[in-house]
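Peer 1: Straight from Swiss-Prot, here's the annotation block:
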- Gly2: N-myristoyl glycine (LIPID)
- Asp38, Asp40, Ser42, Thr44, Glu49: Ca(2+) 1 binding site (BINDING)
- 62-92: domain 'EF-hand 2' (DOMAIN)
- Asp70, Asn72, Asp74, Glu76, Glu81: Ca(2+) 2 binding site (BINDING)
- 94-129: domain 'EF-hand 3' (DOMAIN)
- Asp107, Asp109, Asp111, Glu118: Ca(2+) 3 binding site (BINDING)
- Met125: site 'Interaction with PxVP motif in substrates of the catalytic subunit' (SITE)
- 138-143: region 'canA/calcineurin A binding' (REGION)
- Asp148, Asp150, Asp152, Lys154, Glu159: Ca(2+) 4 binding site (BINDING)
Amino acid sequence: MGNQHSLLNKEQLEQMKDNSSFSEAELKKLYRRFQMLDKDGSGTLTTDEFLSIPDLALNPLLERVIQIFDQNKDNEIEFFEFVGTLATLSHKGTKEDKLKFLFQIYDIDCDGFISNGELFQVLKMMVGTNLNDVQLQQIVDKTIIEGDYDKDGKISFDEFIHMIGNQEGIEEKLSVNWSE
């Protein structure tokens, strides 16, 4: 099965070039990396294959990141999904796209809002046992109160942008150099 995925055809390359900020040479390089990560040669990446990357394996939000990569929600990352997310996180990605990606990390149920419970879950992933649940809930409550401008009990994307969009260096913090 892995053989049928060994080459990108010209049409696929052109489509990905049109839909991303990557050149043909960059796409070919990314495809070679993708194939190296695809240990079983299936043409897709599984969570376990992502976890085999030492730098990513330690990331407490890796499961959420993988869920966002997996746009069609089939529990596998196809190359086009891989490219789409990497394009967002590359230095060529727009600030708005990067902030949408970050918002998606917190918006676990994909309803367009960050609820108190979702914020708690994501922060719990990040802090682990460094804070107890009461301390963490206090931070969550304070964040929701400060960021919920329309007072509906949740954070919309616009409110999220208002809260963090103007932080100095946010775009750089959400950029990864994939060309190395």
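Heads up, the Cβ atoms here are built off N, Cα and C, so glycines get one too.
Distances, neighbours, how buried they are, the whole picture for these features please.
Peer 2: Remote same-chain residues near the domain 'EF-hand 2' (62-92) are listed as 5, 8, 12, 16, 19-22, 27, 30-31, 34, 42-47, 50-51, 56, 98, 100-101, 104-105, 108, 122, 125, 174-178 (criterion: CB distance under 8 Å, separation of at least six residues from the stretch ends).
The secondary structure of Asp70 (Ca(2+) 2 binding site), as reduced to three states from DSSP, is coil rather than helix or strand.
Confidence over the domain 'EF-hand 3' (94-129), given as mean pLDDT on the 0 to 100 scale, stands at 96.
DSSP assigns Asp111 (Ca(2+) 3 binding site) to coil, not to a helix or a strand.
Under the DSSP three-state reduction, Met125 (site 'Interaction with PxVP motif in substrates of the catalytic subunit') is assigned to helix. Within the same chain, the residues at least 6 positions away from Met125 (site 'Interaction with PxVP motif in substrates of the catalytic subunit') whose Cβ sits under 8 Å from its Cβ are Pro60, Leu61, Glu63, Arg64, listed in sequence order.
Under DSSP, Glu159 (Ca(2+) 4 binding site) is assigned to a helix (H, G or I) in the three-state scheme. In sequence order, Gly147, Asp148, Tyr149, Asp150 are the residues near Glu159 (Ca(2+) 4 binding site), counting only same-chain partners six or more apart with C-beta under 8 A.
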Peer 1: Beyond Asp70, Asn72, Asp74, Glu76, Glu81, what residues of that chain have CB atoms within 8 A of the centre of the Ca(2+) 2 site's CB atoms?
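Peer 2: Sorted by sequence, the hits are Thr44, Phe69, Gln71, Lys73, Asn75, Ile77, Glu78.
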Peer 1: How about long-range neighbours of the region 'canA/calcineurin A binding' (138-143): same chain, 6 or more residues beyond its ends, C-beta under 8 Å?
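Peer 2: Contacts of the region 'canA/calcineurin A binding' (138-143) (Cβ under 8 Å, skipping residues fewer than 6 from its ends): 116, 119-120, 123, 131.
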Peer 1: Given a Cβ distance threshold of under 8 angstroms, which distant residues of the chain, six or more beyond its ends, lie next to the domain 'EF-hand 3' (94-129)?
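Peer 2: Distal contacts: 60-61, 63-65, 68, 85, 88, 136-137, 139-141, 143-144, 153-157, 160-161, 164-165, 170-171, 174-175.
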Peer 1: An 8 Å radius from the center of the Asp38, Asp40, Ser42, Thr44, Glu49 Cβ atoms defines the neighbourhood of the Ca(2+) 1 site; name the other residues of that chain inside it, in order.
Peer 2: Leu37, Lys39, Gly41, Gly43, Leu45, Thr46, Glu76
Peer 1: Where Asp70 (Ca(2+) 2 binding site) and Lys154 (Ca(2+) 4 binding site) are concerned, what is their Cα separation in Å, rounded?
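Peer 2: Approximately 25 Å lies between the Cα of Asp70 (Ca(2+) 2 binding site) and that of Lys154 (Ca(2+) 4 binding site).
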Peer 1: Between the Cα atoms of Asp74 (Ca(2+) 2 binding site) and Thr44 (Ca(2+) 1 binding site), find the distance and write it as a whole number of Å.
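Peer 2: If we compare the Cα positions of Asp74 (Ca(2+) 2 binding site) and Thr44 (Ca(2+) 1 binding site), the gap is 10 Å.
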